[in-house]
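To start, I am sharing the structure in question, which I have written as structure tokens.
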Number of protein chains: 2
Amino acid sequence: MSAYHPLTEQEAIEIASTLDGFFPSGANLSSREIGDGNLNLVFHITDSVSGKSLIMKQALPYAKVVGESWPLTLDRARIESEKLLLEGELAPGLVPVVYKYDPELYLTIMEDLSDHVIMRQGLIGGTRYPKFADDISTFIARTLFFTSDLGMNQQEKKLQVKAFINPELCKITEDLIFDDPYTDSPNNSFDPAIRDAAEALWQNEQLHLEVAILRDKFLTNAQALLHGDLHTGSVFVTPESTKVIDPEFAYYGPIGFDIGAVIANLLLNFAGQEHWITDAGQRADFRQYLTDTVRDVWNLFDRKFRALWQEQGLDRLASSTPAFKDYYMQRLLQDTIGFAGCKIVRRIVGLSHVVDIDRIPDSAAKEKAQRLALAIGTSLILSNRKAQSIEEVIDIALSQANN
Amino acid sequence: MSAYHPLTEQEAIEIASTLDGFFPSGANLSSREIGDGNLNLVFHITDSVSGKSLIMKQALPYAKVVGESWPLTLDRARIESEKLLLEGELAPGLVPVVYKYDPELYLTIMEDLSDHVIMRQGLIGGTRYPKFADDISTFIARTLFFTSDLGMNQQEKKLQVKAFINPELCKITEDLIFDDPYTDSPNNSFDPAIRDAAEALWQNEQLHLEVAILRDKFLTNAQALLHGDLHTGSVFVTPESTKVIDPEFAYYGPIGFDIGAVIANLLLNFAGQEHWITDAGQRADFRQYLTDTVRDVWNLFDRKFRALWQEQGLDRLASSTPAFKDYYMQRLLQDTIGFAGCKIVRRIVGLSHVVDIDRIPDSAAKEKAQRLALAIGTSLILSNRKAQSIEEVIDIALSQANN
């Protein structure tokens with residue numbers, strides 16, 4: 001018999017109180033459920049005496065976003081906790097510390113990051129994060145290199161592929177990102193005002209070719225252990241700190257998918273700034289900050305990944321063939337650009353949107369932002385296999401914004 | 001405690017005699033161990049009364065080819081039996097029937113194919129197999145299509161990837177095919193007469209780039225469930241029948257690797273005919289038969305795979321995007337050519353050779369055959385990413401033979 005059941009707040013407190021040595025004796029614990037409620041319960045447990053706190057995240061056996069009719073394996077909680085622990089080893093300080101994982105309750109007990117904000121919210125408020133590009137590029141370079149055939153034992157990697165087979169969470173991505181937006185799917189959701197733009201996606205055969213190629217890579221290219229959902233809602237930040245959370249979509253996939261997620265969400269915010277910063281000069285400044293960040297994320301990733309390869313590469317042939325390194329990094333850039341485009345498009349016409357754009361109250365500004373995002377996204381997809389430089393991404397964003 | 005131990009012939013007979021309903025009562029069984037002894041015991045069990053017979057294949061926990069110092073997981077016997085059963089479902093009549101698998105003894109009991117010959121031996125003897133191209137193209141098209149994301153449920157495919165993770169057997173391929181031949185490895189083995197040609201492989205940076213790209217695909221591209229070792233020594237034939245055996249190298253990899261193996265071994269025989277057919281006209285005829293077979297294998301595969309995709313494709317986007325089909329098939333052709341080249345090269349300078357060439361008694365003819373095979377192999381590797389048609393493979397083989 002399984003001990004699993006969704007915890008009450010009182011049960012969460014009881015479990016937290018027994019965590020070895022965390023809360024001092026005499027602690028007075030209280031709990032608040034702070035999950036967005038889509039897939040998980042998230043309890044914020046605080047001790048009013050010591051001020052100490054922690055987070056308890058428990059997987060729910062269904063996705064509430066579409067009702068209980070979309071069951072989801074609890075095994076994703078194991079995947080998330082194992083991935084978090086691995087990220088903590090490979091990129092120390094850039095993920096919450098895991099205190100404990102309870103496999104029967106599918107419950108991860110971890111560091112409270114309440115002093116951080118969700119990056120998406122911070123960007124909407126016009127805040128800049130000067131450490132972000134350096135931190136996230138370290139995170140992606142190290143977590144991806146050391147789980148790839150370049151940076152880890154290739155036989156152990158295969159066992160890791162096996163441990164992170166994640167069919168149900170991958171299916172969400174396969175459907176919502178790589179299928180629905182390109183056909184008249186009942187899962188799609190978009191403002192009637194941009195129906196013409198959505199229908200244009202359904203008709204564009206060149207776009208379908210590129211998306212089919214990217215989809216195929218997502219389905220078959222077991223390059224490295226991805227975070228799998230690395231948008232700005234999965235990043236907690238302060239100006240001094242970056243913490244990546246929520247790796248429940250982790251699986252072995254194409255490296256560009258993680259990098260593309262970061263870049264896509266910076267560009268979605270870029271599009272949303274149509275509204276959030278009203279002063280034209282300030283808006284242009286912040287957009288330049290965003291495109292500078294896109295450039296920095298790629299360039300720092302490229303530099304760090306190459307350095308790791310140079311210093312710690314384990315594949316003899318790959319490491320001793322300079323032309324292969326250049327070929328490989330160029331393919332990563334091209335994949336990054338293609339996946340970034342797919343991740344932008346789905347946030348405008350697909351099931352799941354981003355508040356950077358969806359919460360724009362003025363309908364004209366919102367439509368303009370949506371069309372801008374779609375134009376950037378489709379341009380990125382259409383240009384991905386020809387791309388030579390990250391500057392092309394910035395050129396596309398700026399030229400579409402100035403259209 | 002494990003019941004596993006390598007069987008004696010007497011034990012093999014006892015197990016065979018208990019196989020439900022196979023041998024009639026009063027059977028008089030005898031056993032002969034007929035394995036090549038590298039990796040497995042193979043018992044040929046016959047009943048002198050009824051004339052019925054079967055094969056029992058038991059995995060050994062080491063590879064004898066390099067002594068007992070190279071341990072090998074017995075799990076490959078499970079992989080082999082599961083893959084054989086799956087092949088029997090997907091390509092009925094083209095593999096031996098599996099009567100029983102014993103997971104404790106890592107023992108597969110299956111159909112006796114003594115009325116067939118190993119295709120490599122038949123080709124050396126100048127025999128033509130008019131059904132082979134049709135049969136093998138059916139085998140590869142159906143076993144690969146129905147295990148790919150195009151032809152099976154994509155979530156079930158991920159579980160199948162997991163079931164066929166095969167690190168140790170893959171490592172043999174990774175080392176012996178995609179690494180050793182391109183460096184001065186102690187695993188290499190080649191005639192001193194062609195040392196210059198071997199050293200040229202170690203120095204050729206363009207070749208290293210192409211091999212590194214192909215190696216990367218072998219490591220990361222989980223396209224379909226491969227046979228993994230589909231050379232002409234893994235095919236039993238008569239002029240009327242084709243049976244593919246020995247899928248213990250099965251894993252999820254790039255489709256072109258299986259097709260390339262078939263083509264490589266036809267071309268190795270092509271090179272070996274330098275000696276086996278002494279009459280120039282007859283040799284040219286048989287070589288044309290071999291290149292016709294190369295052409296037929298690819299073209300029939302291409303036609304059958306496309307037909308399956310058209311009629312039974314399960315991926316909406318891939319199936320509704322004609323340009324993607326052409327892109328995909330062209331990539332398969334290019335991969336096929338690249339992998340064929342790698343498989344030829346390793347049989348000349350790497351650890352494991354083929355008797356088509358190694359058993360040529362005349363040293364001058366043998367050297368000529370080796371140099372011809374190497375020239376064909378390296379040309380295929382160098383041209384793979386530009387290739388547009390299978391005719392280019394045939395042009396390479398014929399032009400090198402006429403050099």
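Note that the numbers count up from 1, one per residue, in the order the chain is shown.
The backbone N, Cα and C atoms fix where each Cβ goes, glycine too.
Note: TrEMBL annotation is automatic and uncurated.
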Name the one residue among B:Lys57, B:Lys100 that TrEMBL lists for the same ATP site as B:Asn40, B:Glu111, B:Asp112, B:Leu113, B:Asp246, B:Pro247, B:Glu248.
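Record source TrEMBL; matching candidate: B:Lys57.
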For the domain 'Aminoglycoside phosphotransferase' (B:33-283), report the average pLDDT of the model, please.
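That region's mean pLDDT is 95.
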Across all chains shown, how many C-beta atoms besides its own are within 10 angstroms of the C-beta of B:Asn40 (ATP binding site)?
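Its Cβ shell of radius 10 Å holds 23 other Cβ atoms.
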Measuring Cα to Cα, tell me the gap between B:Asp112 (ATP binding site) and B:Asp229 (substrate binding site) in whole angstrom.
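Rounded to the nearest whole number, the Cα-Cα distance is 20 Å.
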How big is the gap, in Å, between the Cα of B:Arg346 (substrate binding site) and that of B:Glu248 (ATP binding site), rounded to a whole number?
20
If you draw a 10 Å sphere on the Cβ of B:Glu111 (ATP binding site), how many other Cβ atoms land inside?
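B:Glu111 (ATP binding site) is surrounded by 17 other Cβ atoms within 10 Å.
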Relative to the Cβ of B:Glu248 (ATP binding site), which residues of the same chain, six or more apart in sequence, are found under 8 Å away?
B:Leu39, B:Asn40, B:Ala59, B:Arg76, B:Ala77, B:Ile79, B:Glu80, B:Lys83, B:Leu169, B:Gly228, B:Asp229
Name, in the order they occur in the sequence, the residues of the same chain whose CB lies under 8 A from the CB of B:Pro247 (ATP binding site) and which sit 6 or more residues away.
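Those within reach of B:Pro247 (ATP binding site), by Cβ under 8 Å and sequence separation of 6 or more, are B:Ile79, B:Glu80, B:Lys83, B:Leu84, B:Glu87, B:His227, B:Gly228, B:Asp229, B:Ser234.
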For B:Leu113 (ATP binding site), what residues in its own chain, 6 or more apart in sequence, show a Cβ-Cβ distance under 8 Å?
B:Ile55, B:Pro96, B:Phe236, B:Lys243, B:Ile245
If we count other C-beta atoms within 10 Å, could you say which of the binding-site residues B:Asp112, B:Asp229, B:Asp246 has the fewest?
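If we count Cβ atoms within 10 Å for the binding-site residues B:Asp112, B:Asp229, B:Asp246, the smallest count is at B:Asp112.
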